[in-house]
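Per Swiss-Prot, the features are:
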type	residues	note
BINDING	ASN354, ASP358	Mg(2+) 2 binding site
BINDING	ASN354, ASP358	Mg(2+) 1 binding site
BINDING	ASN497, THR501, GLU505	Mg(2+) 3 binding site
MOTIF	354-358	motif 'DDXXD motif'
Amino acid sequence: MEATRTSFGLHNAPLCPTTNPSLFPRRWLHKHTLSLKPAKQHHLVCVRATESNDNLESSRPLAHFSPTLWGDHFLSVPLHVAEFDDFSREIEVTMKPKVRDMLKSSKNSDNERIRLIHLLMNLGIAYHFEIEIDEILGQAFGNLDDIIAKENDLETISTMFEVFRLRGYYMPCYAFNRFKGEDGRFKESLAEDIRGMLQLYEAAHLGTPSEDIMDEALSFTRYRLESLTSNHTATASPHLSKHIQNALYRARYHNLEILVAREYISFYEQEEDHDETLLKFAKLNFNYCQLHYIQELKDLTKWWKELDLASKLPYIRDRIVEVYFGALALYFEPRYSLGRIIVTKITMIVTVFNDTCDAYGTLPEVTSLVDSFQRWDLGDIEKLPSYVKIVFRGVFETLEEIEQEMRPQGRSRIVQVAVDEIKKLGKAYLAISKWARASHVPTFEEYMEFGMQTSMDHFAAYSFIAMEDCDENQTCEWYKSRPKMMEALNGVFRIKNDINTFEQEMSRGEVAKGLNCYMKQHGVSKEEAIGEMNKIYSNYYKIIMEEYLTTTAVPRPILVRCLNVSRPIHHFYKERDEFTDPYFGMLKEVITSLFIHPIPL
């Protein structure tokens with residue numbers, strides 16, 4: 001028996017439950033298995049650009065995207081209401097009271113409580129105790145100077161720094177000065193404290209633009225941890241060494257919170273002093289969350305299948321599962337189910353829009369499509385080519401149905417903000433398409449002006465739609481003011497994307513890319529350009545953290561969504577574009593660990 005939405009706390013009315021069959025007739029769908037062998041690709045007739053303006057405008061880009069890796073897999077995964085009920089009952093009745101008592105225990109010092117909170121965060125169960133954690137941290141932050149003065153343990157200070165900053169408290173970095181020698185450098189003796197070094201490495205990712213000491217800490221710890229893990233006579237235990245390797249590959253701050261939990265549970269289970277209650281709670285919670293994710297993927301796969309765009313528009317990237325993975329980065333807690341569904345639907349349909357502009361449409365077709373988006377009128381598309389009508393109708397109807405769904409909750413205005421962002425995306429897509437058709441390489445600054453508009457801020461806007469516990473007008477006004485945090489998010493995405501998709505996109509003739517623009521403008525090698533762009537990238541990350549810690553115009557839940565926006569790029573674009581080509585790389589394994597395999601209890 002398949003679990004229904006109402007069985008485990010989702011909204012009674014399904015979001016966008018049906019699609020007009022006359023608008024989206026069913027044809028055929030890819031039915032690929034989970035085989036890791038790439039399936040046969042669709043081949044579109046592509047005409048290369050020539051020097052003739054007419055030919056230039058009528059040419060189609062050359063792009064062949066691999067089909068979906070997952071097909072209809074999640075539609076066949078069985079789910080039972082009893083599973084949800086059993087997990088929920090044990091979590092609520094047995095686990096939560098025990099852990100709540102741990103947090104409130106008078107035997108624990110402030111430092112011990114903070115370390116417990118850190119453990120709960122890493123295990124993915126801190127969200128169950130938001131009120132208790134806020135009370136503990138609020139009280140401790142008021143006594144921070146005294147706490148720091150009495151503490152000289154590197155791991156503890158670094159843990160406090162990570163906890164306070166990720167929870168929105170601006171703990172100063174001067175606490176790390178005590179670990180420096182007379183020469184102003186971090187003491188070499190610290191390298192003997194392996195766990196302290198690892199925790200300092202994680203904390204070092206949370207610096208702001210003026211905190212040079214955090215850059216020093218990152219360089220100091222990374223070099224020594226890399227040496228430690230590459231040394232065959234290393235003193236770290238095998239499971240700790242593996243944990244360090246994982247951190248060096250992808251720091252916690254750059255990972256999805258639920259993936260941090262998945263990996264940390266495996267590590268924590270091998271710790272000799274692990275707490276059985278916390279370990280069991282973490283396993284139950286992960287499996288409970290996983291059931292929600294599978295149900296949501298079933299709903300989304302059904303929705304995507306009914307739209308049937310993968311067969312009608314075979315040039316697009318059919319990536320509903322990968323898009324959902326990105327939405328999961330924004331919020332993993334079960335209560336945000338509706339938010340994940342909304343973000344996935346909008347992002348997937350915007351991906352269709354993007355691929356039409358980048359990978360198939362001629363310049364006149366792209367121009368007419370973008371113009372239609374500016375007018376935002378379904379009755380004004382009769383003159384569009386048939387396939388362009390399908391693209392516009394798909395985006396328009398998806399947003400209209402979401403608006404109808406959210407109107408009773410008083411969330412229409414934020415949906416309109418999302419529509420405005422899509423219109424802005426269209427203008428940027430058109431500008432970049434013109435460059436591509438003309439093989440024009442703009443200056444780096446010109447490119448970034450439009451490239452930043454196709455980055456991450458719109459993703460944040462989509463995530464606000466279902467944040468019913470936050471004031472809509474307050475959120476909209478802040479977002480529309482174009483805060484520095486949004487610019488920094490765009491910069492992080494744009495640079496990471498352009499560096500790690502460079503080879504793939506240049507092979508498709510997409511010469512107007514940030515890395516290529518920088519190389520040409522400054523007359524430097526690829527390696528030199530990457531080095532300079534990474535400096536810009538690093539500074540953007542610092543701005544994100546600074547804005548997260550200092551912004552007061554919106555509540556912390558909104559800022560957390562923004563902080564989380566950048567997390568999936570370290571999976572999609574870690575070394576290459578795994579979103580576009582998911583058959584090669586680690587992304588498919590990560591998705592499998594989240595959505596296919598539960599943790600044995």
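Using N, Cα and C of the backbone, Cβ positions are placed for all residues, glycine too.
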Within the motif 'DDXXD motif' (354-358), residues counted as helix, strand or coil by DSSP: 5 helix, 0 strand, 0 coil
Check: same-chain CB within 8 A of Mg(2+) 3 site center, minus ASN497, THR501, GLU505: ASP498, ILE499, ASN500, PHE502, GLN504, GLU510, LYS513, TYR573, ASP577
Cβ-based isolation winner (fewest other Cβ atoms within 10 Å) among the binding-site residues ASN354, ASN497, THR501: ASN354
Across the motif 'DDXXD motif' (354-358), average pLDDT on the 0 to 100 scale: 94
When distances run from the Cα of ASP358 (Mg(2+) 2 binding site) to each of the binding-site residues ASN497, THR501, GLU505, the nearest one: GLU505
Mapped DSSP class for THR501 (Mg(2+) 3 binding site), helix or strand or coil: coil
Nonlocal neighbours by CB distance (under 8 Å) for GLU505 (Mg(2+) 3 binding site), same chain, sequence gap 6 or more: LYS513, ASP577
Cβ neighbours of ASP358 (Mg(2+) 2 binding site) where a neighbour is any other Cβ within 10 Å: 21
Inter-residue C-alpha distance, THR501 (Mg(2+) 3 binding site) and ASN354 (Mg(2+) 2 binding site) (nearest angstrom): 16
Rounded to the nearest Å - Cα separation of ASN354 (Mg(2+) 2 binding site) and ASN497 (Mg(2+) 3 binding site): 15
